[in-house]
Amino acid sequence: MTLLKRISSPALLALALFGGAAHAALVPPQGYYEGIEKLKTGDGNFRCEAAPKPYTGALQFRSKYEGSDKARATLNVASEKAFRKSTEDITTLEKGVSKMVGQYMRDGRPAQLDCTLAWLGTWARADALLSTDYNHTGKSMRKWALGSMSGSWLRLKFSHSQPLAAHQAEAEVIEKWFARLAEQTVRDWSDLPLEKINNHSYWAAWSVMATAVATDRRDLFDWAVKEYKVGANQVDDQGFLPNEIKRKQRALAYHNYALPPLAMIASFAQANGVDLRKENNFALQRLGEGVLAGARDPSQFKARTGEKQDMKDLKVDSKYAWLEPWCELYHCVGDTLQRKHGMQPFNSFRLGGDLTRVYDPNAESKK
């Protein structure tokens, strides 16, 4: 099937038409080629749970900020509870796949791989998460889930242990589903006005980038790079993102939340010969440095927003998982490197699992 025949979005069609000559196959950063850490014998008491029920309904979910003002910074406890319940099966899939892939890449037990494939295959055959009846929270769940699944899948697909070699038919079913989800994600998040482009768009672009590499789709890769550039050019001279500053007391937390997808996209682009580090005068570096400074002293964020910053998320080590790709891109030294080492290992299911294993495998694990 040709590239143009596969495309069902005007945004992707334009990129395909003007994308230029043929390219080499897309690849992930080097760490994704790592093999199984140490083959274990026996079942290790691993038990494959039944796959969560595939979510095929309308992607209409309540927002945890329901009833908040335009800053969208005040949590609605009742709405969050309803959101968690209605999305429980999706989140169970995301976390379960990430965990099982991590276990398999550590121990190499076939049951761990078989269970992962069974879960993903069940959802793929049900055409789960593909509803076009969605609200903002619904399309957000779609791209978060896709990034989680594709991010984990990359560790299986590119590992030199070749775990998928004996499962090619099932892998094809799953990857075709990923591609359809990515195409819908492109439709969901394309052509937004600049004032509406924020961390959600960056996370959408990460999910599309991960899927692009998993399925070798240059059109998806180009879309993710394009969205990255929009995000990078939103970073101002002081390292602030105006649309995240709007989050008032949670502005610093949302700047930190914007970094993981941007850093991952830049890292994947770099692996494919596209250097995004200098975009908008090193915007990604500026953004990261601003967040690290703000985590130590949030006064600049308070001055910019007029609000004392909510620091709860900034005290959670895993929220800094972006440091792994970011430090590879910008060669961290000194205090930043020490802070990274102090917080390792970084495990983020929305980024596909154990990023320290991928980017800094020689780091001493503290767990």
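Glycine residues also receive a Cβ, built from the backbone N, Cα and C atoms like all the rest.
Residues or ranges marked as signal peptide by Swiss-Prot: 1-24. Residues or ranges marked as substrate binding site by Swiss-Prot: S63, K64, H136, T137, Y254.
Shown here: features listed in Swiss-Prot, placed on the structure.
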residue : record                 : DSSP (3 states)
S63     : substrate binding site : coil
H136    : substrate binding site : helix
Y254    : substrate binding site : helix
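Every protein chain shown contributes to the tally, and the Cβ of T137 (substrate binding site) ends up with 20 other Cβ atoms within 10 Å.
For K64 (substrate binding site), other Cβ atoms within 10 Å of its Cβ number 19. The Cβ of Y254 (substrate binding site) lies under 8 Å from the Cβ of N198, N199, L241, E244, R247, each on the same chain and at least six residues away in sequence. The number of other Cβ atoms within 10 Å of the Cβ belonging to S63 (substrate binding site), over all protein chains shown, comes to 17. All protein chains shown were included, and the count of other CB atoms within 10 Å of the CB of H136 (substrate binding site) stands at 14.
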